[in-house]
Amino acid sequence: ELVRVGHDSLIGEIIRLEGDSATIQVYEETAGLTVNDPVLRTKKPLSCELGPGILGNIFDGIQRPLKTIAIKSRDVYIPRGVSVPALDKDQLWEFQPNKLGVGDNITNGDLYATVFENTLMKHHIALPPGAMGKISYIAPAGQYSLQDTVLELEFQGIKKEFTMLHTWPVRTPRPVASKLAADTPLLTGQRVLDALFPSVLGGTCAIPGAFGCGKTVISQALSKYSNSDTVVYVGCGERGNEMAEVLMDFPQLTMTLPDGREESVMKRTTLVANTSNMPVAAREASIYTGITIAEYFRDMGYNVSMMADSTSRWAEALREISGRLAEMPADSGYPAYLASRLASFYERAGKVQCLGSPDRTGSVTIVGAVSPPGGDFSDPVTSATLSIVQVFWGLDKKLAQRKHFPSVNWLISYSKYSTALEGYYEKFDPGFIDMRTKAREVLQREDDLNEIVQLVGKDALGESDKITLETAKLLREDYLAQNAFTPYDKYCPFYKSVWMMRNIIHFNQLANQAVERAANADGHKITYAVVKSRMGDLFYRLVSQKFEDPAEGEDVLVAKFQKLYDDLTAGFRNLEDEAR
């Protein structure tokens with residue numbers, strides 16, 4: 001239960017009741033509280049206000065709007081005991097009721113109106129869970145604030161009024177009709193993730209990595225370029241300047257819509273900032289606040305992705321609270337219920353059939369960054385997370401030091417959604433699954449060969465192994481590595497990823513075939529050195545595939561890639577003819 005503590009009315013939450021004494025966790029600095037200070041009960045649990053005005057806003061861990069507080073207090077810090085409503089109650093919103101009239105029956109989850117939130121997102125107003133009845137009044141189209149009654153229901157003789165706003169306790173998952181199997185990929189615009197380790201809309205992913213490996217850059221790239229409708233970005237216990245960077249970057253970033261309009265990314269983003277210099281207790285609440293907001297948009301039928309950066313800090317907050325309660329510590333001092341808390345958070349992700357009519361599906365994708373101390377993946381938080389999530393994008397310190405970004409290690413990462421997405425890939429491009437398998441084999445083979453090369457040198461290898469090493473280098477440096485700060489490579493559409501991979505694998509197959517055929521024939525031998533010297537021009541074109549700018553349009557790019565594919569085939573045919 002939420003309470004107000006002391007004369008400053010600080011926000012607190014009761015976390016344990018024993019006999020007639022209550023343990024209260026206060027979400028603010030508690031200096032100056034004395035014995036016999038009053039405690040006011042609010043008689044409701046820690047809740048989130050859900051309604052128009054969430055998008056483009058920035059909240060702290062217990063949903064206090066930081067912008068409004070800054071304007072009111074004119075201070076860089078949040079004053080103690082400040083009480084500001086989460087959403088602006090006076091702002092007017094354009095309300096448009098759906099085709100419902102007085103006398104119609106309506107139940108929880110039914111969408112009864114649309115509100116114009118911004119040029120990018122339509123905000124659907126649904127009946128809150130647990131409500132039902134016959135409409136006795138519905139407001140006509142017009143402008144209303146969040147305090148105005150827009151709907152009145154009658155059920156068993158009792159009338160109940162509804163505004164566009166409702167509250168929901170953050171620790172309770174919002175109800176759904178049913179959970180569905182996810183079958184659409186979450187396209188991130190990062191080649192290594194889309195092609196080798198795909199996630200789905202409604203999936204769970206973990207990004208563990210030591211400091212400086214680029215976790216934050218990957219989660220920001222997901223917020224900027226992924227194919228989800230809205231993004232909730234929770235900065236939980238990370239540095240304050242990272243949230244400041246997001247606040248500076250996002251309003252300037254634009255995304256191009258299918259109809260060619262440019263819109264600011266901020267219009268589809270909500271930020272929950274609980275940086276490392278804010279109270280630890282609110283850090284634990286911030287993740288729940290974020291997921292509740294995400295579920296609210298999911299219930300409208302949107303695909304939402306939620307970034308939690310980072311869940312390790314959240315686990316540390318749990319450890320601290322558990323220590324104050326004098327509970328029995330488990331591994332590394334974390335509480336024994338760490339794994340179940342993590343699981344209860346991650347299982348709120350998924351693709352669902354929403355309650356109510358019209359029929360709609362929505363999804364919540366959770367991407368959790370984990371920062372294990374010293375990059376040690378056997379840390380309790382990391383191992384508990386890995387037993388829950390389905391996609392693991394492991395970041396490697398050595399790759400980051402080589403300036404290979406995104407530094408996802410392709411030998412330890414995995415995705416358990418590959419089979420679920422096979423249907424989608426078959427439709428998109430029937431040959432893609434085989435190409436991906438081949439690319440993985442090449443990268444794995446390179447890892448095996450590296451030890452031999454270090455012992456005896458590259459020249460002692462067979463011709464096909466030399467070609468494998470060259471293909472792996474192409475894949476590594478020109479396919480998996482991606483520069484997030486260039487216009488042509490910050491976002492890579494899926495068709496470009498597929499075509500780039502196709503041409504590299506095609507080169508590998510043709511080179512191997514040429515070497516094998518010439519070895520059995522009587523003419524000149526074709527060696528790796530011959531291929532490299534004669535194919536210099538085509539090789540250069542393979543390397544520079546990534547410089548093709550998606551802004552030119554899909555047809556232009558596909559034509560270029562197709563021409564390279566045909567030129568490769570012709571080039572090797574000529575080489576073989578000459579060798580005869």
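Cβ atoms are placed via backbone N, Cα and C, with glycine included.
Marked as ATP binding site by Swiss-Prot on the basis of sequence analysis: Gly209, Ala210, Phe211, Gly212, Cys213, Gly214, Lys215, Thr216.
Of all the binding-site residues given, namely Ala210, Cys213, the one with the smallest number of surrounding CB atoms inside 10 A is Ala210. The record gives Gly209, Ala210, Phe211, Gly212, Cys213, Gly214, Lys215, Thr216 for ATP. Within 8 Å of the mean position of their Cβ atoms, the other Cβ atoms in that chain belong to Ser371, Leu395, Ala400, Ser407. A helical conformation is recorded for Lys215 (ATP binding site) in the three-state DSSP classification. Taking a C-beta cut-off of under 8 angstroms and a sequence separation of 6 or more, Thr216 (ATP binding site) has the following same-chain neighbours: Glu238, Glu242, Asp309, Ala369. Taking each Cβ in turn and tallying the other Cβ atoms within 10 Å, the top scorer among the binding-site residues Gly209, Gly212, Gly214 is Gly209.
Long-range C-beta contacts of Lys215 (ATP binding site), restricted to its own chain and to partners at least six residues apart, with a cutoff below 8 Å, comprise Ile207, Gly209, Asp309, Ser310, Ala369, Ser371, Leu395. For Phe211 (ATP binding site), applying a Cβ distance below 8 Å and a minimum sequence separation of six or more within one chain yields Ser371, Gly375.
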